[in-house]
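Copied over from TrEMBL:
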type     : residues         : note
ACT_SITE : E381             : active site
BINDING  : H380, H384, E410 : Zn(2+) binding site
COMPBIAS : 339-350          : compositional bias 'Acidic residues'
DOMAIN   : 21-71            : domain 'FTP'
REGION   : 335-354          : region 'Disordered'
Amino acid sequence: MSPPLVAVEFLTSRLKIQADEIAVRNHHVTEMTGITHVYCKQTIGGFEVANGDIDVHVSKDGQVVAYGDSFFKSAAARHKLRRRADIWSSEQSGPIAEPKAAFATFATHIGQSPDAGRMAVVPVDSAASGTQQTYLIKGVPFVDRDVSAVRALIQTSEGTLAPAWEFKVHMPRNYFHAFVSADGKRLLSLVDWVASASYRVVKLGNNNPADTPRELVDNPADATASPAGWHDQGTRRFTTTIGNNVYAQENLNGTASWEMNRRPDGGSKLVFDYPYEASKPPADNMNASITNLFYMNNIMHDIFYHYGFTEATGNFQENNWGKGGRGGDAVKANAIDGDGTDNAEFETPPDGERPQMRMFAFTATKPSRDGDLENDIVSHEYGHGISNRLTGGPDNADCLPDGQAAGMGEGWSDFFAYWLEMKRADTPAKHVEMGKYVVGRNIRTYPYATDMKSNPLTFGQLLEPGWDEPHRMGEVWAVMLYDMYWNLVAKLGFSENRYVADPTKGNTLALKLVMDALKLQVCRPNFVNARDAILQAEQMLTGGKHRCDIWRAFAKRGLGEGAKAADSIVTSTKMPQNCNA
Ligand SMILES: [Ca+2]
Ligand SMILES: [Ca+2]
Ligand SMILES: [Ca+2]
Ligand SMILES: [Zn+2]
């Protein structure tokens, strides 16, 4: 069976999607892995659903190894729609606007006022039967190509399916893809295909401005995770450090108000290029700090989206583009928050309620240093949001409250932080230290290392005095994951592309397994529960091929077969029998 057929068979038999709703639009093979990526659009009653996408990834031997699904799913609503000869009938959707009137709503939004009298709407001869009639709007003064208009369907942020005019608008500096409600009154979605933006930051993969000079990074937004870029909430656009994933601002006075706090403004070209002077205190480098905080929050959003932290699983977005979950919860990220020092924190309420990241100045050095500029601090904090939302589902925010669960919460955050900074040239001899820029030394007891001399921590350490503290327990968990990471990278190699959850490469597989396991594990997990969830994730994703590599990491650190974590701690270095051969 060809990969597109495998994909359609999978969607109809496993996901119970009607075959006539699936249109395979595109497929291609990644040579290195042999995986075929199949991209499908949902069509209902002959209309394409603009944001109804499914991607299915099929291995060389015809197995579905991963998929992503944002089809419109309300069975009752779909049944009703399918019975209609024309979903676009006014009986169904109320009064329908002419394309010119709907286009005027879009034009007003981007600050243009087209002269409706000069515009003419012309139908385009469409050769293929069954496709929707396309119109051209001629005589629009601010475009450099006739505007195309077509009737479409779109999933709204309220979870309904709405008829909408779809416009493609080519301008000298922009190429807009816009959807306006059929009645012409509301802009439902707006994406600029040539959105360009640049930020001077500590680039992804680096850690702080003392180790590596900041760089001007162009267009880092990921088109899948952030379809409207980093400064657009679908109906509201910003030129400051506000967007669909994060609101980043200073909070020097440390009070609760934040909406009107200062933010750098990149102007219409979205250029965020600010100086950083190491000899000056954090407040004097404020714009550089807020820019880096904004950048890293968006990077975390975009990368982890590809590993399953999406709208439906409770991620942090203002607008969910009709893809499930609850919106209205982009991160509120305060740079240089005056309410504290020598720390950083992240609060994670249930999905749909806004999380808060607060970064404080660190006073160990003169002048003091700013956690906003140390990427492992920002990614560690954002990581708390990921592990809290995914464990026990997006609506339960009480699953990592204390004990081993809270300890592993710290461990997952350290894992995410060092994962982002690993490079192809690294070897298992690499030592990783945390917080070195802000504190001047490793803030953990030991470096993360695979050799037991440099990092002797094992599960039994939890019985030692003082080691029931969450960050200390987190060190034990994170070094187990470090060993697992290296077992998988030694076996499968390293992928440079952090944005693809490739199960055939060691680093990307390690993160994918940890992310899948967060969703699989029980609320309030202990070390044994969390280990077993990773093994279960591996069984589901790669069929047990790497289970012994995972066991080897945990057994080495005292969490082998027969270890107990529930009532009293029992350590074990035992491997399962069928791994010993
Ligand atoms: Ca304030
Ligand atoms: Ca959310
Ligand atoms: Ca949760
Ligand atoms: Zn933490």
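Please read every residue number as a count from 1 along the shown chain.
Heads up, the Cβ atoms here are built off N, Cα and C, so glycines get one too.
By the rule that a residue counts when its Cβ sits under 6 Å from some atom of ligand 2, the binding-site residues H380, H384, E410 yield nothing.
Taking the Cα atom of each, E381 (active site) and E410 (Zn(2+) binding site) are about 9 angstrom apart. Other residues of the chain with a Cβ within 8 Å of the Cβ centroid of H380, H384, E410, the Zn(2+) site, are F346, E381, G383, S387, G409, W412, S413, D414, A417, G474.
In the three-state DSSP assignment, the secondary structure recorded for E410 (Zn(2+) binding site) is helix. Here H380 (Zn(2+) binding site) comes close to A344, S413, D414, F416, A417, M434: these same-chain residues lie at least six apart in sequence, with C-beta atoms under 8 angstroms from its C-beta.
Each of the recorded positions E381, H384, E410 was assessed for Cβ neighbours inside 10 Å, and the highest tally belongs to E381.
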